[in-house]
Number of protein chains: 2
Amino acid sequence: MPVGNVELVKLNPVKGIKIGITEAHVRYAGRKDLTVFDIIAGANTAVVTTQNQFCAAPVQLLREFIAKDSPRYLIVNTGNANAATGEDGKQRAKTTCVALAEKTAVAAEQVLPYSTGVIGETLPADKIIAGLDSALANLTEDNWLGAAHSIMTTDTTPKGHSEIVEIDGTTYTVTGISKGAGMIRPNMATMLGFVATDANIEKSLLQNILTDTVNQSFNRITVDGDTSTNDCCTLIATGQASDTVIDSDQHPHYQAIYDAIKSVMLKIAQLIVRDGEGATKFITVKVSGGKTSEDCAKIAYAVAHSPLVKTAFFASDPNWGRILAAVGYAGVDLDQSQVNVSLDDVRICERGGLASDYTEEKGAEVMKRPEITISIELGQGDATDTVYTCDLSYEYVKINADYRS
Amino acid sequence: MPVGNVELVKLNPVKGIKIGITEAHVRYAGRKDLTVFDIIAGANTAVVTTQNQFCAAPVQLLREFIAKDSPRYLIVNTGNANAATGEDGKQRAKTTCVALAEKTAVAAEQVLPYSTGVIGETLPADKIIAGLDSALANLTEDNWLGAAHSIMTTDTTPKGHSEIVEIDGTTYTVTGISKGAGMIRPNMATMLGFVATDANIEKSLLQNILTDTVNQSFNRITVDGDTSTNDCCTLIATGQASDTVIDSDQHPHYQAIYDAIKSVMLKIAQLIVRDGEGATKFITVKVSGGKTSEDCAKIAYAVAHSPLVKTAFFASDPNWGRILAAVGYAGVDLDQSQVNVSLDDVRICERGGLASDYTEEKGAEVMKRPEITISIELGQGDATDTVYTCDLSYEYVKINADYRS
């Protein structure tokens, strides 16, 4: 069960993007597992990919392809990550791109492959290729929700968000979907995120926007600290809303579009944490007063990754000593007598010791909440950073001990 | 239940060390929780302490004291870590040292304090002081096993080891004990380790031996990646076995003593992993073929800390893709086509892909073993490193969700 309200808003179609989904039986029968995005000619596309050295075969191919040409199709399968599959895996991914390119009369390099699922198993490329006709047959603009479902693996809920902004009489749409619940500590992007807008955004600016908003969203979530081999986040600007080309961050339309994209990114990134494997609590770790934002991020991640902190939150136990211990081993020089820690509005630690007005009752009350912000003030400077995570429950162990079996 | 054979050898007395234990009711009634070590005058003592910035009050005090004088007593309580307790905590630790110093006619700085237990609660110094007479009354050389019991917290089994070496007609004894089961990623030493020998080792050399052997033992184990606030490892050389002063690593007695100390350190460090909270498997992560041993350690720790790897081992699932993913995100530049991975004698990954002769049956067979070595060859150079860890089970979550409650 995901944490908090995860009901999706209507995922508005983005003019210039059509989506087809089908059952290709990649791993399981009876579920949609193949998704094809059709991108209108002339759109710009930006991608960020995992920093995992064992990046999957489709990620390797995708990097080569997008450097050569402008994508016209995305082909996404679940059930098999096609990771740690060597040269054979790359060839198999390529055959699916070639097959789709032939059916749609585009270059093979204009088809980007994405895979998610179990690592280390051979991709059943033939099944994917066999499913392409069916996916192409139901291409439609209003299929984002269907796609959010069909890219799921251990996710218990589809993830998406959509915003509409009006600027100077032009209506822009930004819609995005994501997937992921475990092996989540994106180090570029989540397992899979697809965001599109009908704004006309110049290509290099689009890449900057993607990198920047991913850093504030997908790169600030963690479930278990495991950076996936298949992380990819894709941002498409179809340019169908208007002829106005947004070509710099000084453009009058820039800020509103940027904010809408960031909002969609953050929402679909946070939905991954809310659906984190076994999660019962959504935890925001906010570190302020640091010398640098890197210091703040180090501390926020140390707290967010600590199994002891995570199990204490699962147990609703205000065991704040574990938070301090994690702050202390994050690798940042600290004066512990300057450190304050609060859980929501309850100050638990003051100047490195127990807060004078703290009571176990107050701590117990705040720990019962399903969404909690841990605020850590370092008293060293003005830098801040924020990371989103969840607790560690029996269910996490169960899911990951059972998965694959 | 600890993993493997954790039955202790006889913990031989070390001439010059007497140990007294008692019930001081620090946290619980009906269990020994206060331990006093009496060190003969003229002994040399070396200490390494946690690198956690939130180091506990007794650790702060201990660092000050050992810089000033040669220790004659160690005073160790369980049930309360006296960490994140500010200046008050330090004063409370000091009162226990002063009380023991008065009773034994030594300087307060000659008494080193050690605490382990819950973080952030006020140390009941009065209870500890009240227990001192009883502890002093039963000081005896043959009390190492009793001390191994009385320093336990969530440990399910006492931890100790002992070796006797004969060199040129001199018999040397090395005996050590440790405690710890959770919040284990020592970054200097484990929660608590006490090792003594009757060899006569020059003080600065003793410190070098301690630092070096800790780096190969306590600093190479991890249960949950959480570096404690209270880690301390202490090595005492009483000099009672012989008048021969071992004053350099060229001394004829040096190597045998060094080896015995290292062996005791490694054994009592590994016992912590075998008794890791909820552990069902003892896992050795051996990385070879790296450019530097730091690279190898980074990769070994990434694998050892991955919740996905740890849950797969709990489930006896040869999900080797998770191992590769962890290798890939360790932050080391790799050519994945050069990487091989084995579980014991079963090669699972060859040149970054599935090994040609690997079968799921072979993988399933090896994963059933209670002790498994993951060997990772990077194919980049000659450096190696090894880390010891355990799996992640329901029981880990249960213990840490229940502890304190």
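Cβ coordinates are placed from backbone N, Cα and C, and glycine is handled just like the others.
Taken from TrEMBL, the feature active site, nucleophile applies to B:Thr190.
Sequence annotations record features per position, and here TrEMBL assigns substrate binding site to B:Thr153, B:Lys179, B:Thr190, B:Glu277, B:Asn400, B:Ser405. Summarising the environment of B:Asn400 (substrate binding site), the number of other Cβ atoms within 10 Å of its Cβ, over all protein chains shown, is 28. B:Asn400 (substrate binding site) falls within a helical segment according to DSSP.
Chain A lies within reach of B:Asn400, taking the binding-site residues B:Thr153, B:Glu277, B:Asn400 and requiring a CB-CB distance under 8 A.
B:Glu277 (substrate binding site) counts 27 other C-beta atoms within 10 Å of its own C-beta, drawing on all protein chains shown.
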